[in-house]
Structure formats: structure tokens, C-alpha cells
Amino acid sequence: MRTNCIYPGTFDPITNGHLDVIKRALRIFDNVIVAVAKSDNKKPFFELDKRVEMVKEATKSLENIEVIAFENLLVDFAKSQDTCFVIRGLRAVSDFEYELQLGYANRSLWDKFETIYLMPTIKYSFISSSIVRSIFEHGGDISHLVPKEILPFLEDKKC
């Protein structure tokens, strides 16, 4: 039996930290479904279709990856993908508090739902999409923070 997991997020934009978690999840699971959340409440920098396209570009060299947009409850999305496993990255203690609450909430909706927390490799532990956006919006170099495949998407945003 092949085991799938979901790695959900807004990926606005996808970072090297996200990519690190995806690669490490592939060492545990046969397939990783990268679930790009609509997240209108976050007022995304990129539209949903662009974020999906960026994730596909950033992961095109990896096998056993599927990129799918979703806008419903994560547990419902997981059921539709026939998996009960979700991967979440933890950078700091502050992430843990929030993720623990989400994990409990999801588990209350579906008792088979399992959240697996992965710490990023230390060199990526400070990277977040919001930090990348802030540096980018102030003209800083983000080339070491994001996959090279998405730099053209960011350059297009400058225009």
C-alpha cells in the first residue's frame, strides 16, 4: 500500500524552507500532495493559480509530488485525497503553539487525522513567506531564500 501525505500551505511564495520540508516528507511518505490553500483572509500577494504554478515549477525535478489547490476544510480535502496524514513545518516555539491548536482542531473533526511536525533544516529555520515578501518589497536580494524557478514570478510582480 502506498502512503500519501498532504503538505498544506499558502505558499505565497514557496520558499527554500517549504522545499526542504517537501523533500524530507518524501523520505517518509511515498507521495506528497502539496495543497495550496486559497486563503483569501490572508490577502495573498499572488493569486491562487500563480501560487500553484510556482509550486509546480519549484517541485518539477522531484518525483511523487502532486500540486493541488484547495479551499475547503483541510480534513475534508484529506478525505477527498484518501489520506489522513498531514505534514506541518515548525520553525520556532511560536509556530508550535499555533500548529498544536490546528492539529487538535483538525483531530476533533476527524479522529483518524494525524499531523506530523517536521523541523526545517537549520539554515532554513528563519525563512517564511512573509519575510521573503518583506525583503522583496524593500528591494532586497531573496535569491538565497526561494527556489530559483520562482524568481521570474517575483520579477514579474515588480512591473
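For all residues, glycine too, the Cβ spot is worked out from N, Cα and C.
Taken verbatim from Swiss-Prot:
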BINDING   THR10, PHE11, HIS18, GLY89, LEU90, ARG91, GLU99, TYR124, SER125, PHE126, ILE127, SER128, SER129, SER130  ATP binding site
BINDING   THR10, LYS42, LEU74, ARG88  substrate binding site
SITE      HIS18  site 'Transition state stabilizer'
### Message
Quick check: of the binding-site residues listed here (LYS42, LEU74, ARG88), which one has the Cα closest to that of SER129 (ATP binding site)?
### Response
LYS42
### Distance, LEU74 (substrate binding site) to SER125 (ATP binding site) (CA atoms, angstrom)
24
### Query
What's the CA-CA gap between LEU74 (substrate binding site) and THR10 (ATP binding site) in angstrom, rounded?
12
#### Entry: Entry from the binding-site residues list HIS18, LYS42, ARG88 having the most other CB atoms no farther than 10 A
HIS18
### Query
What is the nearest of the binding-site residues THR10, HIS18, LEU90, GLU99, ILE127 to LYS42 (substrate binding site), using the Cα of each?
THR10
### Query
Secondary structure at ARG88 (substrate binding site) (DSSP, helix/strand/coil)?
strand
### Message
Cα-Cα, whole number of Å: GLU99 (ATP binding site) versus ARG88 (substrate binding site)?
### Response
8
### Query
Record lists THR10, PHE11, HIS18, GLY89, LEU90, ARG91, GLU99, TYR124, SER125, PHE126, ILE127, SER128, SER129, SER130 as binding ATP; longest Cα-Cα distance in Å?
18
## Note on the structure
So SER129 (ATP binding site), by the Cβ count within 10 Å over all chains shown, scores 23
